[in-house]
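Q: A single structure is presented below for examination.
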Amino acid sequence: MSHEIVPVDPIDVPSTSYSRPILGPREDSPERATEFTRSLTFREHVSSEPFDSERLPATLASEIQRFLRIANLVESEEPRIAYLCRFHAFEIAHHMDRNSTGRGVRQFKTSLLQRLELDEEFTVRRRKEKSDVRELKRVYHAYKEYIIRHGAAFNLDNSQREKLINARRIASVLYEVLKTVTSGAGPQAIADRESIRAKSEFYVPYNILPLDKGGVHQAIMHLPEIKAAVAIVRNTRGLPPPEEFQRHQPFLDLFEFLQYAFGFQNGNVANQREHLILLLSNTIIRQPQKQSSAPKSGDEAVDALMKKFFKNYTNWCKFLGRKNNIRLPYVKQEALQYKTLYIGLYLLIWGEASNLRFMPECLCYIFHHMAYELHGVLTGAVSMITGEKVAPAYGGGHESFLADVVTPIYMVVQKEAEKNKNGTADHSMWRNYDDLNEFFWSLECFEIGWPMRPEHDFFCVESSETSKPGRWRGMLRFRKQTKKTDEEIEDDEELGVLSEEQPKPTSRWLGKTNFVETRSFWQIFRSFDRMWSFFVLSLQALIIMACHDVGSPLQVFNANIFEDVMSIFITSAILKLIKGILDIIFKWKARNTMPINEKKKRLVKLGFAAMWTIILPVLYSHSRRKYICYFTNYKTWLGEWCFSPYMVAVTIYLTGSAIELVLFFVPAISKYIETSNHGIFKTLSWWGQPRLYVGRGMQETQVSQFKYTFFWILVLLTKFAFSYAFEIKPLIEPTRLIMKVGVRNYEWHEIFPEVKSNAAAIVAVWAPIMVVYFMDTQIWYSVYCTIFGGLYGVLHHLGEIRTLGMLRGRFHTLPSAFNASLIPHSTKDEKRRKQRGFFPFNLGRGSDGQKNSMAKFVLVWNQVINSFRTEDLISNKELDLMTMPLSSEVLSGIIRWPIFLLANKFSTALSIAKDFVGKDEVLYRRIRKDEYMYYAVKECYESLKYILQILVVGDLEKKIISGIINEIEESIRQSSLLEEFKMAELPALHDKCIELVQLLVEGSAEQLQVEKSEELHGKLVKALQDIFELVTNDMMVHGDRILDLLQSREGSGEDTGIFMRVIEPQLFESYGEWRCIHFPLPDSASLSEQIQRFLLLLTVKDSAMDIPENLDARRRLSFFATSLFMDMPDAPKVRNMMSFSVLTPHYQEDINYSTNELHSTKSSVSIIFYMQKIFPDEWKNFLERMGCDNLDALKKEGKEEELRNWASFRGQTLSRTVRGMMYCREALKLQAFLDMADDEDILEGYKDVERSNRPLAAQLDALADMKFTYVVSCQMFGAQKSSGDPHAQDILDLMIKYPSLRVAYVEEREEIVLDVPKKVYYSILVKAVNGFDQEIYRVKLPGPPNIGEGKPENQNHAIVFTRGEALQTIDMNQDHYLEEAFKMRNLLQEFLRNRGRRPPTILGLREHIFTGSVSSLAWFMSYQETSFVTIGQRLLANPLRVRFHYGHPDVFDRIFHITRGGISKSSRTINLSEDVFAGYNTTLRRGCITYNEYLQVGKGRDVGLNQISKFEAKVANGNSEQTISRDIYRLGQRFDFFRMLSCYFTTIGFYFSSLISVIGIYIYLYGQLYLVLSGLQKTLILEAKVKNIKSLETALASQSFIQLGLLTGLPMVMEIGLEKGFLIAFQDFILMQLQLAAFFFTFSLGTKTHYFGRTILHGGAKYRPTGRKVVVFHANFSENYRLYSRSHFIKGFELMILLVVYELFKHTSQSNMAYSFITFSVWFMSFTWLCAPFLFNPSGFTWEIIVGDWRDWNRWIKEQGGIGIQQDKSWQSWWNDEQAHLRGSGVGARCLEIILSLRFFVYQYGLVYHLDITQSNTNIIVYALSWVVILATFFTVKAVDLGRQLFSTRKHLVFRFFKVFVFVSILTIIITLANICHLSVKDLLVSCLAFLPTGWGLILIAQAVRPKIEGTSLWEFTQVLARAYDYGMGVVLFAPMAILAWLPIISAFQTRFLFNEAFNRRLQIQPILAGKKKNR
């Protein structure tokens, strides 16, 4: 053919008109009778609009979208081809859904048919051939020729590569259409998408590796390691013949064989094929390279992968005592093939397992059987049972593995998850992922069989009508496991249905496995019983010692004291008995799956515990003070050794503990015993712990063990010394005094007057101390965490470069540090130790073996600075000041430092030289002392020389310039510069040089304008003449030598005649054609850059000392520089580095801010306005980069998209995260370039080489693709595409912008099966091609994946599309930086470091919180989070060895985790904090988690109080669920004692300590309330003289430590001190207190304790979306009330009432100072809990806003609720939702709730006896009469409410009279009582304090018993009363706000402390707040 196809613009051949019938099946087609037929009405004009190919019905999109896209692509040049493609799409759609039952199918068919009718006649006329078949062949062959002609080219640029890809896509689609038309098979044959694509010649969509024939010429396929890996996978020699599997062609590779053998999906096979090839290639390249060892490296790579993939499987087999089924032949080549097949089989199982991936041992079970079948198939083994060849039980059929293996187990998981009832059901009622997986830890799992027996108990799912006797229990029945044809499988609508017949009697629900998650605070004791027993026994010992007044530890060995102390073992026995009872109670519901030996052991242990509980007390009581003594000859404190029978018993009792102690000191032996499967060791370990698959062998090395043991010994010694001296010992004497006092006259009716020793008073005094005793270890941990974390940071060079000044001072060491850390070393350099930290590097030099090392640093530095400019952190001027010139001089070691280092240095040198008097050597040393000054002087001199050499071209002028230069250099050599030159004239010369260079710069800009150029030429000549005269006349002492040269020229001219002398030009002046200076200068970028740099060197002043001005740029540069001095692994070459992926889950969060969102002002100020004020410098830089002056100019220039990006990159958006993570790819390409490029390429520049050197650029892309993959799991992308959501387009735009980005999503669509729509789910991976999303892989799922917490399943479905050996988890509100991405290959080398016994499996990274720069709350939150992710995790990793996974930027050993359950857990509710469970799981499975501080990732946090509180609530909920989880229980039981302490205090212990610190306040206050109201306090003061108890003051002080946030405050200050300096840290800490940080932390304490405690008791944990809004906005009063009413306001009022009552009735003999100290923190807490939401609410004291809030509050409180009314609209709806946690509560939790509510009745009981009206009567009748008053009050309230219902609408006047009557009656009663019974005003106040808590207590009790009273009038009255209470509390809270709002100064003060950080940065907060008020 003579015409060439251009793919973007399809072929244009002169058209010839032919007539043609409508395309359809041929006449002889069997489908003709049933095919679609319709007459088309022809029209004359074709539509110019492309048909919408994106919004298609979900049921059809995957099958027809490619045809419609290609039609749109070729329509302009080949309209008939477009028509045929659309008609073909229509036929497929009609065949798939003939009755149009799918959603949207009918509409789609109608619109497409209309388009076909419109296009038919016009396209026939435009047809160029006689028939449609010929037309198709013509275009198809044209594209085919283009592909053949250009497909082999290797050096295509991007545009040519895109054209070739488009050509392949078009040819592939045309091939399908042509094949259908010519074969006449009808659309039925083409409906199977996969089979047609398999036949396509040209284009198969691929992810990274184009494994089809068309991809062999791509650069990545030419890498030797890829070729080797492909060869391994394609080695099909020796496989069974394909005919055995109904295949007529040889197998393409091993994966195709596995697919046909076991029935895997095509998409899964294609995905895992590429997966394994990439894994193999990356492993091969890292093998030691030897000559002729390519096959050997392949063997070693496969062996390495085998070891990683099957480590868990082989351990599982060993644990169960089964031989593994990985059987290898002896022939080496065959063994390699077998190994590859086993790895491929596991990957295919894993890739299709869907939610079963959370169950790793379930996958082991499946693989175990399939590996056996695979071996049988490969060897041709014959079954002993059937006598036939071994065949896969589930093989052969289409998708048979999914249907027959995965789906039955998935259905069990799904049905069990449904029983969770959205988190309200008790955990014991359903099996979660762990329960189902742990069933495979026992040999009983093999009873399931293979093929699996559907009647097995494992598949039995309890009915939803739970567990009533005789109830039918449902069981999932699955179809019989037989091979079926594809059609039969498609006809099966249900893979599992509930059997309608009664199951067999033996079928039963197995219940929980190994553990039951029970909601109880006892779970904390059970999980950490050793710790609690230790603290209880220590407390008992300390009390005994205090009673004996022990002052020295040696006194304990006094016989009597020692014997008393030994009584602690009686307590120990009791505690073990309690533990044994709890174990049986808590595991009762797991008894069905518990081995019989385990049941026996539990009973035996309980029996032994009961026996010791009896024996020890009996022996102790009988042998007390009865000793048998022995005397020794040693004169020591052991000179007399006495013992008793009790001591002998204790010795026997402690035998087991002694063995544990010995094993503790030899961790290797204990680890071997735990992990060994030998029978003896099984027996030895059987008694201690239940034999579980996980939790064994977690011991650390002796060095690590010593470090954390030493840490905890210090903590415990400090804690016990403090507790003994300040808490316990001071309490002994007051206790004895209290016990001696006899109380006769109580001030109330004492219920137990006969109790001796004032036991209640002793409890009231001791209880707060006990609470603090159990809590204050957390405080001491925080103190030592600060000390050790700070010491560790100093030793690891943290904060070595903190400021710009320090950066400038150390900048000369950065090149050497950079090359030592980030540049791969040659073989010679690998042995050389890198210099670190405090030792200087070679100034500006790399290693001797790499002369270009400095050039590499310069190139990377400039890339980093350019990225700053791209991100608008710096301006164009700052860019010039910070970049370093890259020229050939760098290779010779001449360094040209960035100008911001040299700022003011040259002018300072001039000032020094100008007035200097002395010798040259002294001046030289003075200038040389400042290296940057020396470099500045030297560079200015060399630059001036260089410019003059180019500028001056006249012979005489050149001689003069050379003469001057020679004079200068000669004087320097002879040290006579000060003698030969007058330095005083240097400033004048400086000014003239500036003038000269400015003219040169101006000339280069104006060189196109001739007239302007001539004018500048004249000025330039004059400037040169001025310089010449200044130097020769004023500066040079012997300037006459230079003048002689000039005069000699003039003298030589006399011989030529007077005429010639007259016309001779002046020096530097041009005449005619003769030019003395070359101006304009040559058009050279490097020359222009050098002139510009010279000008900056001459002109830049002190202002450049603050470059860069942007704070974030400063921080990033400082950290990057500091990290170069930290200990990090050597960098490998990119080709040898570990490959990795990044995975980001995304739900419905912002991707990019839309234009409307940017400018919308509905709820507050617009986002763009906010951004302009918060980031003013970055906005200015952005405008400069865009070349615009303001926002309006941007809009006029059409740069709205750039504006959207700029704003989105400053919010918490997905686009920001994607941009940051794609820096990893950019960094890898640059590093690969540095690895491969020669010196000339480096000097040319990375970007220039990438554009010009296509083969090198293709190779860089190939390496980057092989090493890095980024997958974003957009859960809703499919639904968004279908609905036309703009978010879908935003995601597509991201893929187009970053071509290597991949998006995974779940598609839910309806498929028509037997004319019935059925929901089917697919996991899909897409990429962007030609502006559209193109599907790469499609894997069918067994059902909806989101049956758990959501986010883990979102990660789980996408993890199969990730690649590499490592996986980094990144949230969508994170950021990354180019300079940090350079360190990724160093970080990945950590996996190859073996620290201790195990290599790391999770690498922890530090985070920078980037949202703390504006509001004070955001500042507090960022500092709090920063301290946790730095100093906190630093200590957790080393020395404590208990760092887990906390989400965000951690890097996983990918293969380790995909074979052990994934990177998170997903069971509903219990795994609410899904991330941390990955860390628990890793630790329990003997993984190792480290923390690395040399690399950081950005992280966003919430910035408003409400958002922060929701986040805190979510974390507290998650921690409460962790408390009752099996993971925490096993860690607590399996760790050694000191590591267990670390685990507790760094996980749930922090929250439990916070809870008991608050409980301690309640105990103290209620204890004091008891003492005051009962009259005991008065008696104790008067008779026992008990006044101030120091221990109580200590207890309250300890509580205040937690309350005021010092647990996080101390580490925070230390970390700030390390990174910014301790003076700044102290200043920040003081400033935080002035900004009410104590209020914030006290308020946060209330949030944590409320949600932690409530969730443990009642459940109700749920994910709480915070919104992550970028704008800090005002929250209205009703919103604050809903959020904080029950968590803070109620408790705040309760504390305040307690304090008021105590203040009213306390006895004044107490010291006022002591009382103030004790109660201050409580007053502060109550005030904070009531007021903080309003103090931290922007514009919270603005009158206009206050008025609006009051209206909204009244509307909300009065609105009636109902079905569908949200809680933000109605008080009643909110009130009902607020009790949701009680609906799923058990009887025990409800009873405890009632018991806790009884505390509100204490007020009434105590206060009624202190009324004047009672006249000191303490009879119980007084209390009874008080209830009469309460009932009368309730009756009155009910009467008024009833009257409102009856009369308020129609008989309003009657209702008013009724209210007047009630009011008068109450007033009359009060007056009567005042006159007759002496009722006083104080009585009325006290009555309110007494009766209000009682009413609230009744409401709480009614809520607890709601199921019993709901629907009765009592419940209706409860609602009325609760509304009244809420209204009253709202009024009390609102009144002070309204009063303060009248004072303008309050609002100004609030704005100042809320936004102080912004004021410090001079940001414009007032316009933002003003904008908010305006837009309300």
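The backbone N, Cα and C atoms fix where each Cβ goes, glycine too.
According to Swiss-Prot, the protein has these features:
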type	residues	note
CARBOHYD	Asn1676	N-linked glycosylation site
TOPO_DOM	587-602	topological domain 'Cytoplasmic'
TOPO_DOM	624-648	topological domain 'Extracellular'
TOPO_DOM	670-707	topological domain 'Cytoplasmic'
TOPO_DOM	729-759	topological domain 'Extracellular'
TOPO_DOM	781-1544	topological domain 'Cytoplasmic'
TOPO_DOM	1566-1595	topological domain 'Extracellular'
TOPO_DOM	1710-1715	topological domain 'Cytoplasmic'
TOPO_DOM	1737-1790	topological domain 'Extracellular'
TOPO_DOM	1812-1819	topological domain 'Cytoplasmic'
TOPO_DOM	1841-1856	topological domain 'Extracellular'
TOPO_DOM	1906-1928	topological domain 'Extracellular'
TOPO_DOM	1950-1976	topological domain 'Cytoplasmic'
TRANSMEM	531-551	transmembrane segment
TRANSMEM	566-586	transmembrane segment
TRANSMEM	649-669	transmembrane segment
TRANSMEM	1596-1616	transmembrane segment
TRANSMEM	1621-1641	transmembrane segment
TRANSMEM	1689-1709	transmembrane segment
TRANSMEM	1716-1736	transmembrane segment
TRANSMEM	1791-1811	transmembrane segment
TRANSMEM	1820-1840	transmembrane segment
TRANSMEM	1857-1877	transmembrane segment
TRANSMEM	1885-1905	transmembrane segment
TRANSMEM	1929-1949	transmembrane segment
Q: According to DSSP, collapsed to three classes, what secondary structure does Asn1676 (N-linked glycosylation site) have?
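A: Going by the DSSP assignment, Asn1676 (N-linked glycosylation site) belongs to neither helix nor strand, so it counts as coil.
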Q: Do any residues, 6 or more residues outside the transmembrane segment (1857-1877), come within under 8 Å Cβ-to-Cβ of it, and if so which ones?
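A: Answer is 1813, 1836, 1839-1840, 1843, 1847, 1884.
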Q: May I ask you to check whether the transmembrane segment (1791-1811) and the transmembrane segment (649-669) make contact, with contact taken as at least three Cβ pairs under 8 Å and only pairs 6 or more apart in sequence counted?
A: no
Q: Test of understanding: give the count of other CB atoms lying within 10 angstroms of the CB of Asn1676 (N-linked glycosylation site).
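A: Total other Cβ atoms inside 10 Å, all chains included: 20.
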Q: In terms of Cβ proximity under 8 Å, which residues at least six beyond the ends of the topological domain 'Cytoplasmic' (670-707) contact it?
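A: Those are 315-316, 318-319, 321, 361, 438, 441, 514, 597-598, 601, 605, 656, 660, 663-664, 1396-1397, 1438-1439, 1441, 1481, 1483-1486, 1530-1531, 1533-1536, 1538-1539, in sequence order.
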Q: Give, as a single whole number between 0 and 100, the mean pLDDT over the topological domain 'Cytoplasmic' (1710-1715).
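A: Here the predicted model's pLDDT, averaged over the topological domain 'Cytoplasmic' (1710-1715), is 58.
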Q: With the transmembrane segment (1621-1641) as the reference, find which of 649-669, 1689-1709, 1716-1736, 1885-1905, 1929-1949 contributes the most Cβ pairs under 8 Å.
A: 1716-1736
Q: Count, for each of 649-669, 1596-1616, 1689-1709, the Cβ pairs lying under 8 Å from the transmembrane segment (1929-1949), and report the range with the highest count.
A: 1689-1709
Q: Which sequence positions outside the transmembrane segment (1716-1736), separated from its termini by at least 6 residues, show Cβ-Cβ distances below 8 Å to it?
A: 1417, 1505-1506, 1561, 1565, 1592-1593, 1596-1597, 1599-1600, 1603-1604, 1636, 1638-1640, 1642-1643, 1645-1646, 1675, 1680, 1683-1684, 1688-1689, 1691-1693, 1695-1696, 1698-1699, 1702, 1933, 1936-1937, 1950, 1954
Q: Checking distant contacts: for the topological domain 'Cytoplasmic' (587-602), what same-chain residues at least six beyond its ends satisfy Cβ-Cβ under 8 A?
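A: Counting only partners 6 or more residues beyond its ends, the topological domain 'Cytoplasmic' (587-602) has Cβ contacts under 8 Å with 428, 438-439, 442, 444, 508-516, 580, 686-687, 690-691.
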Q: Would you kindly list the residues that approach the topological domain 'Extracellular' (1906-1928) from elsewhere in its chain, counting only those six or more residues past its ends and only Cβ-Cβ distances under 8 Å?
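A: Answer is 1681, 1685, 1757, 1771-1772, 1775, 1779, 1782, 1834, 1837-1838, 1841, 1895-1896, 1898-1899.
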